[in-house]
Amino acid sequence: MNPILSSTLLFTLGLGTTITFASSHWFLAWMGLEINTLAILPLMAQYHHPRAVEATLKYFLTQATAASTLLFATTTNAWLTGQWDIQHMTHPLPTALFTLALALKIGLAPLHIWLPEVLQGLDLGTGLILTTWQKLAPFALLIQIHPANSTLLIILGLASTLIGGWAGLNQTQLRKILAYSSTAHLGWMILVLQFSPALTLLTLLMYFTMTFSTFLVFKLSNATNINALATSWTKAPALTALTPLVLLSLGGLPPLSGFMPKWLILQELSKQDLALTATLAALTALLSLYFYLRLSYAMTLTMFPNNTAGTPPWRFQSSQITYPLAISIMATLTLLPLTPTIVALLIP
């Protein structure tokens, strides 16, 4: 794609998210979400591959459905309460509709069916934008309205953690595994949203950091399935040694950074007398941890069959910039000791 065109699309993508952040009126928030959606569609279809075009069409139809549901919810809220401001979502019916519309936008279970299929048809760079930046605007709206329907949020959260872990067990495509990982992590954020929005924000930022590292590792290795991971030791031995730690951090294994948000969420749920919910969430985390362990095993403890007698295959020197990858990997692995400082800064 032309650099000027891609820069314009990325700028428009940021503009749409910023409009949603800054809006207090529902129409402006909806307009920001639509600008965001229309800006990413050309990026998704830039390679003109049938799978990419199919994924773009699926994404467009899903986002259009969510946007129409959102408009219907805001119109219903204005009809019932006479208010168009985001902060005045007081009636339970439009609040529930609005929550479901945003759940469809970000890929919460059981409204997540589109996410693995869309992500599978995209390249890793666009998939990274879809699983990170595209979550910001809907979460900003969710945090602003403070949904009062606790039962709906708990059902969505537990369903997401369970289905995100369960459906990822039998996958061999890395992009589908990352899509189900996204659904599972979003479930943890939704579980604690009504009790501690700051903790939801912390979990979202940690998820962005870990997912950024994972996508860049797969992009540098040019890996799209589990078998391709087994050849990465010949290309980048040091990165192959660090990647299992990144994956285990995504799974929430101590003493890595990914343990921090899960630990704090379980603590908050226990404080709210939701011990059963916390127990179920902790058990569903084991499902996600299993397929991260599976990826780690395939990457470090197996050797892909080849015809060479012990000599690594030659390759060209990679031209990709690795400084962002190095910084994100360090954050993914070493932020756990800073938990008290982070909690003091973000969580009152």
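Cβ coordinates come from backbone N, Cα and C, glycine included.
Curation plays no part in TrEMBL annotations; they are all automatic predictions.
Feature annotation from TrEMBL assigns domain 'NADH:quinone oxidoreductase/Mrp antiporter transmembrane' to 23-287. Residues or ranges marked as domain 'NADH dehydrogenase subunit 2 C-terminal' in TrEMBL: 289-342. Among the features that TrEMBL reports, transmembrane segment is placed at 59-80, 92-115, 151-169, 190-216, 236-253, 274-293, 321-347.
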State the non-local partners of the transmembrane segment (321-347) in its own chain: residues 6+ outside its ends, Cβ under 8 Å from one of its Cβ atoms. 196, 198-199, 201-202, 206, 209-210, 212-213, 216-217, 220, 242, 245-246, 249, 254-260, 263-264
Cβ under 8 Å, sequence separation of at least 6 from the ends of the transmembrane segment (236-253): give me the contacting residues as numbers and ranges. 181, 185, 210-211, 213-214, 217, 220-221, 259, 261-262, 285, 288-289, 292-293, 295-296, 299-300, 329, 332-333
Near the transmembrane segment (274-293), which same-chain residues lie under 8 Å Cβ to Cβ, leaving out any that are not at least 6 residues past its ends? 154, 157-158, 161-162, 164-166, 168-169, 171, 177, 181, 184, 187-188, 191, 247-248, 250-253, 262, 265-266
Spatial neighbours of the transmembrane segment (151-169) not adjacent in sequence (6+ beyond its ends, CB under 8 Å) are 96, 99-100, 103, 108-110, 112, 116, 176-177, 180-191, 193-194, 274, 277, 280-281, 284-288, 290-291
Taken over the domain 'NADH dehydrogenase subunit 2 C-terminal' (289-342), the predicted model's pLDDT averages 76
